[in-house]
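The structure appears below as structure tokens.
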Amino acid sequence: MKLRFQRVALVGKYQAPTSAGMSDSSRDALDGIARFLANEGCEVALEADTAANTGFTDYPALSVERIGLDCDLCLVVGGDGTMLGVGRQLAQYRTPLIGINQGRLGFITDIPLGEYPTVLKPMLRGEYEEDLRPLMRARVMRQGQCVFEALAMNDVVVNRGSTSGMVELRVEVGGHFVSNQRADGLIIASPTGSTAYALSAGGPMLHPTIPGWVLAPIAPHTLSNRPIVLSDSMEVAVEVVSGRDVSANFDMQSLASLQHGDRILVQRSDYRARFLHPRGWNYFATLRKKLRWNEGGY
């Protein structure tokens, strides 16, 4: 069967430190996958930082932008954090992504490392399930000016510093005042992020096809302050009323320090990440496996 993807880029989890910047297991995994892809007839490229940290010179090194412009597919080898970082950058190019899990839980990097040869072979020829995930656009406004802007796939989190007390946040949804919340922080999560930090804060899991967000307080002062499910068509505004060392995190990978009076505006982005899964994949099977439902015969 003819290849569906000719030019394939590899991105590795190079944050695992060794003297060379990447663990031996990660380097070996990338080497094996690159050789597999080449044997399948693909033109293989490496993301520039991945190439630098592996020391591999047999394949061209491309920036993420060039991957988006020139490659048919991006294979991410690592955990969900690696996929989030790459997925945000490639969403504007509509480049499909496949995740090979070298992390722990792996909700969106769902192919086990030891199974990639048998799983990838049919996927490279067009046998896959496509899964579109919306992104969030967040801006930090200070005295009417945007001082920071970022995309998020999982969540936008406004929270206190590690040594400070509660923060007070004024929350508006769709231009309507909701409440002033005193808590350790507030999470605005997408369906993808609803199984991450928001879940540990008591929020519900949203199916990926639901056009909604979860608004979940972190350790609220008032117990009646519960998570809310919102339409993602509405802008969420969070204003810092009081608190010390307050910050906004975007997928826990970029951070903005906040001042009193700052407003964080969160809107649905025009971009969506394109994840590809093996044929037969479904969301509920992922939940059942990752959250260990039905183990022990129940």
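Glycine is no exception: its Cβ is also placed from the backbone N, Cα and C atoms.
Since this is a predicted model, take the numbers as computed values, not measurements.
Among the features that Swiss-Prot reports, active site, proton acceptor is placed at ASP80. All protein chains included, ASP80 (active site, proton acceptor) registers 25 other Cβ atoms within 10 Å of its own Cβ.
Annotated NAD(+) binding site per Swiss-Prot: ASP80, GLY81, ASN154, ASP155, ARG182, ASP184, THR195, ALA196, TYR197, ALA198, LEU199, SER200, ALA219, GLN253, in sequence order, evidence recorded as sequence analysis. For the recorded site, ASN154 (NAD(+) binding site), the DSSP three-state label reads coil.
Straight-line distance linking the Cα atoms of TYR197 (NAD(+) binding site) and ASP80 (active site, proton acceptor), rounded to a whole number, equals 13 Å. It is THR195, among the binding-site residues ASN154, THR195, whose Cβ has the fewest other Cβ atoms within 10 Å in the structure shown. Residue density at ARG182 (NAD(+) binding site): 19 other Cβ atoms are found within 10 A of its Cβ, drawing on all protein chains shown. In this structure, the C-alpha atom of ALA219 (NAD(+) binding site) lies 25 angstrom from that of ASP80 (active site, proton acceptor).
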